[in-house]
Amino acid sequence: MARARWRSTTAAACATCAAALLLLCIGGFSRADAAGDSYSDLVTQAKPSHVHTEPLAVPSKTLMGPGPSTAHPRVLEAARLPLLGHLHGEFVKIMGEVQEQLRYAFQTQSRYVLAVSGTGHAAMEAAVANFVEPGDVVLVGVNGIWGERMSDLVERYMGVVVRMEKEGGKVFSGEDVERELTKEPKIKLVFLTHGESSTGTLQPLEGIGSICKKHGALFFLDTVCTLGCVPFNVDKHGVDITYSGSQKCLGAPPGASPLMVSSAAMDKLQSRKTKPFTYYFDINLLGEYWGFKDNPRWYHHTGMVSNVYALREALSILQDEGLGEAWARHREAAERLWDGLERMGLELFVEDVNERLPTVTTVKVPEGVDWKDVASHMMRKHKIEISGGLGPTAGKVWRIGIMGYNAAPQTVNRLLHALKEALDLYGGSFAKKEL
Ligand SMILES: Cc1ncc(COP(=O)(O)O)c(C=O)c1O
């Protein structure tokens, strides 16, 4: 009798074990899953087929397109530092250092400098959202995609765009700007792109700030592809609003975009009839976090801690080298590139050397050559990135970036050799000359 009871208990236990084993086999049953089971109603999406337990790995590439550019190893090291709270005293001190360094990079005494959370577009949109009120007339220089994009942004914020157009590869003169300002006295802002990365032009700035001032307009400049690489002085050039990017000339990761505002522009902001139609990018609120006023720091949104570390390191490298020296290094590297390209028989898209952007060179793709074959070979074989055209130059040019860490003779030489090899393979009937 006892034996029979034992047998049936054992059989029941075995059945339970077998069922448990079955579950284990079918469902990968574990303690964690058991705990998670109580939430099974809410976990309806299966895990990805591969759970990445190995550390993330990415290949190392030389980024010589229009951006991002290769970051300096010191900058990447800084980005790995432990997180601080974005209102911790140590972090607020770093923010203050970044502002000092940005004043140096921009060459301005303006108090109103900060880094906007987001890429260049974020700083661009922040500028428009704050300084363009509904009905404001804005003169936009359109000689590539950045003028086009600015026109779009201004209209989204209900400004009125007056387009001043030039074909891709050409720049605006002081006379062009003066003519438009005389024709339309209601213009409140004049927008130009210092480095037009879609066409490869460098906009001369001499005299434009004072023309704007004479006509009561603010001078609004995109310096995403020039800050830190190309001679520029906000105060001397009379610029009122300018934004840049971290991932181009400064060689930091994308995500913390410098913005500078003059006191004249701040006055315009204070006299707005309506609040800016943006909370995230409201410069008055951002200014309270970045210390524009002497108020205690205030939580607006979580500061991008690691990006600010990286930007601080990139700006320290720039300060250490010296702005004049950095400008000269970029110029020399660009001239080395232009010379090498011309010796290969290639033609540069921007003919006038004084209007050519040293940081992004546009090179005409020769007849019968597919730009993608060449760029793909350079990536496949040499891990060097160059890119194709954009907007008015799409399909017509390669764009080669010489920015920050990559503005070095050996890097330019490496690029020229890789390009020559690619052209030998994919250049078809293109007449190749010796380097
Ligand atoms: C001249 C110029 N302005 C603005 C931008 C936009 O910057 P981001 O792509 O960082 O948003 C770029 C990016 O290539 C640029 O070259």
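Every residue, even glycine, has its Cβ placed from backbone N, Cα and C.
Automated prediction, rather than curation, is the source of TrEMBL annotations.
Features of the protein shown, as given by TrEMBL:
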type	residues	note
SIGNAL	1-34	signal peptide
DOMAIN	85-392	domain 'Aminotransferase class V'
MOD_RES	LYS248	N6-(pyridoxal phosphate)lysine
BINDING	ARG399	substrate binding site
Next on the checklist: Roughly how many Å lie between the Cα atoms of LYS248 (N6-(pyridoxal phosphate)lysine) and ARG399 (substrate binding site), rounded to a whole value?
Outcome noted: 14
Checklist entry - When DSSP states are folded down to helix, strand and coil, where does LYS248 (N6-(pyridoxal phosphate)lysine) land? => result coil
Item to check | Mean of the pLDDT scores, which run from 0 to 100, over the domain 'Aminotransferase class V' (85-392) | outcome: 97
